[in-house]
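Presented below is the structure to which this report refers.
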Amino acid sequence: MNRRVRLLMVLAGGAGLAALLVAACLDMPGFGGDRHPYGDRAVHESLARRTANTIASVNFDQRAFDTLGEMTILFGAVLGTVVLLRQTRDERRAAPRPEDVAPPVRRYALAVLPVAVLTGLYVIAHGQLSPGGGFQGGVVAATALHLLYLGADYRALERIRPVGLYEVGDALAASAYLVLGLAGVLAGTAFLANTLLPYGTFNTLTSGGTVPLLNAAIGMEVACAVVVLLARFLDQAVEIEEESGT
Amino acid sequence: MDDPAVVVALLLVAAAATTAVAVRDPVRQALVLAVLGLALAVLFTVLQAPDVALSQLAVGSALTPLLLLLSVRKVRRRQKQETKGEPE
Amino acid sequence: MKHLLPLVVAVPLLGAALLVAGGRRLPRVVAETVGCAVAAGTAALALLLLANSSPPMVEWVGGWTPENGRSVGIVLVGDGPGLGLAALASLLTVAALAYSWHYFDEPPRRHTGSFPALVLLFQAGMCGFAVAGDLFNAFVFFELMSVVAYALTGHRVEEAKAVQGALTFGVVTSLGAYAMLMGIALLYARTGELAMAHIGRGLDRHGGPDALVLAAFVLVLTGLLVKAAAVPFHFWLPDAHAVAPTPVCMLLSGVMVELGAYGVWRVHDSVFSGPGGVPEADLERVLVVLGSLTAVIGAVMCWYQRHVKRLLAYSTVAHTGLFLVGIGILTPQADDGIALYVLGHAGVKAALFACTGILLDRYGTVDEHALYGRARELRGVAVLFLVGALALGGLPPFGTALGKAVTEEAVGGPLTVLYVAVSAITAGAVLRVAARVFLGLGPQPGETPSPAYETTGAGEEPETRHRLGRVPGTMTAVPALLLAGALAVGVTPGFAAGVSRAVNEAGSGGAVTPAHWTPPGVLLGLVSTALAAGLATLAVTRPALLAEPGWAAPLRRLQSGHIGDYVAWTLLGTVLLGVLALPGVLGA
Amino acid sequence: MSVLPYLVAVWIFLVGAHGLATSRNLIHAVGCLAVCQSGTYVLLLAVGYREGATAPVYADLEPGSRPVVDPVVQALALTDVVVGATVTALLLALVMQIAKRHGTVDPDELSELRG
Amino acid sequence: MNGWTTAATLTFAGGVGATVWGVATGPLRRRVVAQNLSSALACPGLLLLAQGYGRPAYVDLALVLALLGPVGTLVFARLLAEELAADPPASPWATWCAAGFAAVVVLVLCAATGPGRAMVKLLVTGALLTGGNLVASRALAGGFPGGRRG
């Protein structure tokens, strides 16, 4: 099909779908409406289990099974990337040459790196209290490590990043989430039931029963997964070259 | 719907999204996507969803651009190699 | 017992995580054994739950049982169809892992466990989707199954076709998934609930259907029909299934596509079947029209393929069309028939892919013309392939034939002709391949007149370490067992009645009419098999007579391999869905 | 006026789909898919908004003192953001392999699979 | 709607709106600067919102943005070093304006909150933001003289 026909098809399809969706929008309850039955129940249950951040309660307690699926998507995508970006037979590695970095940039990168990692850990640890949690903090911490590549040198990054270890960490964190879920079954309640631990005092780091534990498992999983993911991409972009003649 | 902050954030997001599609060069698109991520984070904040805004910031401001640019670099490097490798 | 329901997801996930954790040190044999064992354990668990699924189980994950009919948790539904599909997916996973035993050329260095781990994740995704009773949870497992499937499809990264097919698959399915999520958001806006049954009740309370319900229906169905590869959402399927590694093809064609059709059934049954949902006449129109189109286009394209895996992929498209028609008729009897048909088809199609994989690994090609007469030496594989082809055409007493017969009786009239014709054409194409490749019948097909616009099966790399000299025992045992399973579906006494009862309990209820063999059904099965044999004979002996006519060329051109085209078709498809479902909504 | 957020979400989704269909570069196409997905976040959060309310995060808020927005859609959107990022990464990995095996990332020039 | 949120809205409409325009048009050197400015301007906006909504917890957002915004710009500076070396961006005026704006916002907010943990957090955010953006714009203007390598 040539480009013109395709464009016409897209415009026709888009126009039809737009008409349908706009009609649907006009039937929606008005923006900012007051009716949120599920949301109100979720807030109620979250407070009953002394979890200050309701979103964390939904994610790690009420709908923890969704989060299990989501974590697995991340796990599967990273495993898939590792498989897809493997070094094939017709490729070789070339050592990257060191990079010149202007001194202020280098100093900034090295100074901010620990701050960013700490912020990531802080965001993970306070997940059940204030905005944030395992996902956000994990991504921040993992991104922070790559300041070494951005501000210093690829080889400096490679020294502090044994990818194999992070892969194992990724898998172990995922297993930890599952094991915490299975503990509920073994205790005779239900999968991922938050009934094993005391709910603690409202608005403290240990409140919410298993919520902080699941949150921590997710934080570790996400951080490790992002590191492995970026490692594969960096490998491809920086190190792996095709053999000449292919 | 009388909150101008929501309206402004919505229009920013719409404009950034349209631009991200209209800009055809992947490098420039990555720049626009970074700004789109930021605009989305602002929108989520005014919609009172700080958790989502935080994850959008974490993912959109550095991670996604990094992935996109690394892909571009790989693709370009390979094309360069190819033109070099061909007998002239 | 019902607390064990989430374990059909958790067990394979745990297995996958442990395989990855130990992946660096595990020898290959151990990794593959663990993979098989975990998959088999999950299958056993699913079967155990299935045996106890009458009355259907309802499990609220995390112990969030509803108070006053309301809950904040996620509900899983363990009824016959859901657990049956979970069991089917698990059994096919075991088969795929057994088939790939020592099979792939070098596993990625230091990642021995990665292929079995990915397959286990895929299994978890399929099981999770099958038992989901919550719409968003279904979306999550839909995404899991898709994401892992992209990676598995592109597993052979050195093949240009494999990576392209995987990307096409990824882009189109992701777009469909996002459409589905938009639909879920619309439903949440209206009802404020996420559990399917609660959404359905919420819609009913609101009154008759309006534009919002229609849009939500169209968007959710778009996601599911992309997965089910209904026309015009089907283009990704031949591109992906033809290039995926053979064991993955077995899973994709055998059960993943069918899960899309199952999703349509489940979502309609629990969300849109009430007075506030989509009127039955509309759903029937949507599914029968799209299903018939899918069946016809799939069958025609199947006939004109020479790339054997692609041919089988199109036959999956055609059969999914038949499944959609059967679901669309909305009678309990048709549902029973489709359940049996899906079970039989899974075994047969997986066996056919397994046999094709042997050809690929032994001869380095899956091109029908290039393989002409070369596989005479593979007597055992030839028998399996022939039996599979006949079973695909509905030869009694295979499960496919029983399912087809029961459905045909339910649909009646011209749709019966569709069922007979489509199964005859697809089986005829497979028989034609069998006759040429394994028996070397007819004149050798020439190379010249083939139109340029097609994918031949030449130039494929075998998936094994070397070209196989001797076919390993596992690779022939697996298709044999799969065919035996398909046969068992048809002949095991009481099995069909049990399926009817389970489907009935999960669906609308009412009196059970146990599915069973009837004389007209047997006759129709024999007719379609005979037609298939006739077509194949004609095609092999007089190739010119059935050569591609001019009108098929545009159909071929639609399958352009271009992602942009496929996205455009997806958009048009949503509009088509909307138009087909519009009358009832306007009338309400 | 009270439908503006929904309309913006629809616009983003459609404009992303348009870009995906007409893209000349697969990396750009993956970017467009990400745009498409942002439409779903906007729709979800718009559905959960409540006029004059604040986030149900009680670290610095007395429970019950102020109306709060719907936390469920936020959890859903959070899941969605993570899914989006991982899908983007996986598709980009495939694009890199396409560049290697086909020597191009222009969808018009990929011609291995047709018919 | 109060004074703080009005100020934030104006920041978003004027500042971030302008950067959307800047990143959409013009040569690459202008676009990268616009990207850097977008995070430099959005971050004070988020701080103002936190104050306006009376939610100190929202300051975490600004903190993360102050950390990751410059990192994002470093990504572009590093991976586009070659293109940028050929046509280096120079925008001292806009960068210093943004940094000054951020500093003013942080100081005003500090005055409004008074001493305490919240103020420390604000100051840290402000320092990271201004420092980060100045370094990022330095990086864009030739921070990677090697240019074309790994």
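Including glycine, each Cβ sits where the backbone N, Cα and C put it.
Taken from TrEMBL, the feature domain 'NADH:quinone oxidoreductase/Mrp antiporter transmembrane' applies to C:132-407.
Under the heading region 'Disordered', TrEMBL lists C:446-466.
What TrEMBL lists as transmembrane segment is C:72-100 (among others). Residues 2, 5-6, 8, 12, 32, 35-36, 39-40, 42-43, 46-47, 49-50, 53-54, 56-65, 115-116, 119-120, 122-123, 126-127, 130-134, 137, 195, 197, 245-248, 250-251, 254-255, 258-259, 262, 265-266, 339, 342-343, 346, 350, 354, 357, 474-475, 477-478, 481-482, 485, 499, 501-503, 505-506 of the same chain sit 6 or more residues outside the transmembrane segment (C:72-100) yet have a Cβ under 8 Å from a Cβ within it.
Residues or ranges marked as transmembrane segment in TrEMBL: C:120-153 (among others).
Residues or ranges marked as transmembrane segment in TrEMBL: C:165-191 (among others).
Taken from TrEMBL, the feature transmembrane segment covers C:242-265 (among others).
Annotation source TrEMBL lists transmembrane segment at C:285-304 (among others).
The transmembrane segment annotation in TrEMBL covers C:311-332 (among others).
Among the features that TrEMBL reports, transmembrane segment is placed at C:338-360 (among others).
Marked as transmembrane segment by TrEMBL: C:381-399 (among others).
Residues or ranges marked as transmembrane segment by TrEMBL: C:411-431 (among others).
Residues of the same chain lying 6 or more positions beyond the ends of the transmembrane segment (C:480-503) and with a Cβ under 8 Å from any Cβ of it are 53-54, 79-81, 84, 91, 95, 332, 335-336, 339-340, 343-348, 350-351, 354, 384, 387-388, 391, 396-403, 406, 512-516. Annotation comment: TrEMBL describes C:480-503 (among others) as transmembrane segment.
Packing against the transmembrane segment (C:523-545) from elsewhere in the chain are residues 389-390, 393-396, 401, 404-405, 408, 416, 419-421, 423-429, 431-432, 434-436, 441-443, 445: each is 6 or more residues past its ends and has a CB under 8 Å from a CB in it. TrEMBL lists C:523-545 (among others) with the feature transmembrane segment.
Same-chain residues lying 6+ beyond the ends of the transmembrane segment (C:566-586) with a Cβ under 8 Å from its Cβ atoms: 168, 171-172, 175-176, 179, 209-211, 213-215, 217-219, 221-222, 225-226, 230-233, 235-236, 278-279, 281-283, 285-286, 289-290, 558. Taken from TrEMBL, the feature transmembrane segment applies to C:566-586 (among others).
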Inset, instruction - Compare C:165-191, C:242-265, C:285-304, C:381-399, C:411-431 by their Cβ pairs under 8 Å to the transmembrane segment (C:338-360) and return the stretch that comes out on top. - result: C:242-265
Inset, instruction - Considering only the recorded stretches C:165-191, C:242-265, C:285-304, C:381-399, state which has the highest number of Cβ pairs under 8 Å to the transmembrane segment (C:311-332). - result: C:285-304
Legend entry - Interface check, the transmembrane segment (C:381-399) with the transmembrane segment (C:285-304), three or more C-beta pairs under 8 A: no
Inset, instruction - Might you confirm whether the transmembrane segment (C:120-153) is in contact with the transmembrane segment (C:242-265), defined here as three or more C-beta pairs under 8 A between residues 6 or more apart in sequence? - result: yes
Legend entry - Spatial neighbours of the transmembrane segment (C:285-304) far in sequence, C-beta under 8 Å, 6+ residues away: 221, 225, 229-231, 234, 238, 264, 311, 314-329, 415, 418, 421-422, 425-426, 428-429, 454, 548, 552, 555-556, 559, 576-577, 580-581, 583
